[in-house]
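Undergrad: For reference, the structure I am asking about is given below.
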Amino acid sequence: MSKSGKKLTQKLKKNLPVTGPQAPTLYELMQWYCLNTNTHGCRRIVVSKGRLRRWIWISLTLCAVAVIFWQCALLLMSYYSVSASITVTFQKLVYPAVTICNLNPYSYSKVKDRLAALEKETSQTLKNIYGFTEPLIRSKRDVGVNVENSTEDIFLKQIPLYRLESVKGSQLVVSDLKTKKRTRMSAKVIHRDAESVQDPGNMVGFKLCDPKNSSDCTIFTFSSGVNAIQEWYRLHYTNILAKISMEDKIAMGYKADELIVTCFFDGLSCDARNFTLFHHPLYGNCYTFNSAERGNLLVSSMGGAEYGLKVVLYIDEDEYNPYLSTAAGAKILVHDQDEYPFIEYLGTELETATETSIGMQLTESAKLSDPYSDCTMDGRDVSVENLYNKKYTLQICLNSCFQREMVRSCGCAHYDQPLPNGAKYCNYEEYPSWIYCYFKVYKQFVQEELGCQSACRESCSFKEWTLTRSLAKWPSLNSEEWMLRVLSWELGEKLNKNLTKNDLANLNIFYQDLNSRSISESPTYNIVTLLSNFGGQLGLWMSCSMICVLEIIEVFFIDSFWVVLRQRWRNWWENRKENQAEDTPEIPVPTMTGHDNPLCVDNPICLGEEDPPTFNSALQLPQSQDSHVPRTPPPKYNTLRIQSAFQLETIDSDEDVERL
């Protein structure tokens, strides 16, 4: 083909009409898209010559589209899997708060007047069960309290003690530990120490009944009489303390200068003024070092045993309650300054006559909240009210939820948890059935029937101290004599006694190093990463950009919709016109003329046969109803032919150009 022919062909193709979105059919729309798209595969399908090449490009394009859908599905699954990555960093930190408690909550000499009747019944019960004599029980101290002789045991009457002798189905054979009377009864048995009873004759427990329904009773059994007596004593002890004011309980506890004998921090001397009072319902007066209530937080200058907190504690074992505290020593807890010290759950015990060295390592954790986890940032989105007025923790939420259910079900609050607004602590005088109700609510709480475990969530950010403990005998044999003499002389005015090593406990708590471990979560996939990966997959498999994606949306969704809609509208309109033409009746042409013509009845211009109409009057005459448009097809001229814009016909000669 000559150069002039090629130029003419290009000019004709350029000037041919391109319909695009206005294409009458989907086929022409797809053909226009494939010729004009930036996606190479679709264009090669149209312009390739030969059926084999065309099918190859169709297969490759479809495979690329399938791979894109597969990879994008994997990306979406990764995005909605809400996985998180963990970052570990190390940084320096301040010294934590350290709470110290004596295992004996109250000095016995200060509380014995309130517990005299309970102690009398307890010792008498032990004598009835095991044959203990009075001097054996009180060999280490003299109670020194005159208790009025009374034949009525009020504590055993409120909570009677039994020995479980045999179990036959639902029938129990028990013997009263006071009267030795055997009784057969029907009651539920709850084993506090074991799930099954191997030897019922060794089981000791107490019976609780619902005052409103005397037949509804439960016997709580223990595998050892020691545990049964302690639990029975603790219930009455709690009932007595619930009626004592906070001021009196603080006065009955240990003072800071009585508990803290010596103190050193970071190589410098400290004293009781560096400790803050914290009254615990179970451990009495506890003291917190570095609580941040007295000013700035303390910081360790270096890591190691020489730069931590060193204290010598006075345990005063002679003032221990024998039925309440069976272990002698102290209990400590390392915690953050704004956290409540749950020392009964997380505390570490210290032995007497022992030096306890504790190395600390802090780990700070920060989790992602919803949708990555079910944690809460500050507890405001938790339905349970915080009764502790401290930073939210899971344990605070669980205890607050239990106390709320206790008040709702029993009408009073348990002594171990803070008192809600408008509630009172449980006691026998005002709430006779509170113990039975307490065990019933506690059983529901343990079995997760109260909904507390589902309502409470973990905190997203928290601090955790890993403790490494080591023990050493203290003081040594060579230093015991002079050290105890010096300490006895310094505390002589307060103690009026010579100290022994069993009265003291030594604590050394320090950072192993000044680095802390920080664990934080970050989303593995976010919206930016998702879009970036989508773009990478489209560009890798189809050389497609965001503009190409918009083209696909425009052509395959918007333009295709309008093309189909126009086709349906055109078909409907043509069918409607054909139906109207078929339903229209043919009106015959009237043969009458002049005044006899019914068309001229109301027309004043109608003329007779003898009067030919003028030009103006003829224009005003009504038209004939049976006039038809001629349906003769137009002549076929070669000059009226129009070639399709998408016809890729080649022009090989000037004759073809002239023919076009």
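Glycine is no exception: its Cβ is also placed from the backbone N, Cα and C atoms.
The following feature annotations were taken from Swiss-Prot:
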| type | residues | note |
| --- | --- | --- |
| TOPO_DOM | 1-55 | topological domain 'Cytoplasmic' |
| TRANSMEM | 56-76 | transmembrane segment |
| TOPO_DOM | 77-537 | topological domain 'Extracellular' |
| DISULFID | Cys101-Cys286 | disulfide bond |
| DISULFID | Cys209-Cys217 | disulfide bond |
| DISULFID | Cys263-Cys270 | disulfide bond |
| DISULFID | Cys375-Cys460 | disulfide bond |
| DISULFID | Cys397-Cys456 | disulfide bond |
| DISULFID | Cys401-Cys452 | disulfide bond |
| DISULFID | Cys410-Cys437 | disulfide bond |
| DISULFID | Cys412-Cys426 | disulfide bond |
| TRANSMEM | 538-558 | transmembrane segment |
| TOPO_DOM | 559-660 | topological domain 'Cytoplasmic' |
Undergrad: Mind giving me a neighbour count for Cys397 (disulfide bond)? Other Cβ atoms within 10 Å of its Cβ, every protein chain shown.
TA: 26
Undergrad: Do you see any of the disulfide-bonded residues Cys209, Cys426, Cys456 whose C-alpha is within 10 Å of Cys401 (disulfide bond), and which ones?
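TA: So far as Cα distances go, the disulfide-bonded residues lying within 10 Å of Cys401 (disulfide bond) are Cys456.
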Undergrad: Spatially, which candidate from the disulfide-bonded residues Cys270, Cys397, Cys410 is nearest to Cys209 (disulfide bond), comparing Cα atoms?
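TA: Going through Cys270, Cys397, Cys410 one by one, the closest to Cys209 (disulfide bond) is Cys410.
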Undergrad: Do me a favour and check the Cα-Cα span between Cys412 (disulfide bond) and Cys217 (disulfide bond); whole Å is fine.
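TA: Spelling it out, the Cα of Cys412 (disulfide bond) and the Cα of Cys217 (disulfide bond) are 21 Å apart.
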Undergrad: How many Å separate the Cα atoms of Cys286 (disulfide bond) and Cys452 (disulfide bond)?
TA: 29
Undergrad: With Cβ-Cβ distance below 8 Å and at least 6 positions apart along the chain, what are the contacts of Cys460 (disulfide bond)? List them in sequence order.
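TA: For Cys460 (disulfide bond), the qualifying residues are Ala366, Lys367, Leu368, Ser369, Ser373, Cys375, Thr376, Met377.
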Undergrad: Nearest of the disulfide-bonded residues to Cys397 (disulfide bond) by CA-CA distance, picking from Cys101, Cys270, Cys410, Cys426, Cys452?
TA: Cys452
Undergrad: Check the disulfide-bonded residues Cys452, Cys456 for other C-beta atoms within 10 angstroms of each C-beta and report the one with the most.
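TA: The largest 10 Å Cβ neighbour count belongs to Cys456.
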Undergrad: Roughly how many Å lie between the Cα atoms of Cys452 (disulfide bond) and Cys410 (disulfide bond), rounded to a whole value?
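TA: Cys410 (disulfide bond) has its Cα 17 Å from the Cα of Cys452 (disulfide bond).
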Undergrad: I'm trying to understand the geometry here, so how far is the Cα atom of Cys217 (disulfide bond) from the Cα atom of Cys270 (disulfide bond), in Å to the nearest whole number?
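TA: Rounded to a whole number, the Cα-Cα distance is 55 Å.
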Undergrad: I want to verify one value. Collapsing DSSP to three states, which class is Cys412 (disulfide bond)?
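TA: In three-state terms, Cys412 (disulfide bond) counts as coil.
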Undergrad: Do any residues at least six apart in sequence from Cys437 (disulfide bond), in the same chain, have a Cβ closer than 8 Å to its Cβ, and if so which, in order?
TA: Met406, Ser409, Cys410, Tyr431
Undergrad: If you average pLDDT over the topological domain 'Cytoplasmic' (1-55), what do you get?
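TA: Summarising the topological domain 'Cytoplasmic' (1-55) by its mean pLDDT gives 67.
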Undergrad: By a simple count of other Cβ atoms within 10 Å, which of Cys217, Cys401, Cys410, Cys426, the disulfide-bonded residues in the record, is least packed?
TA: Cys217
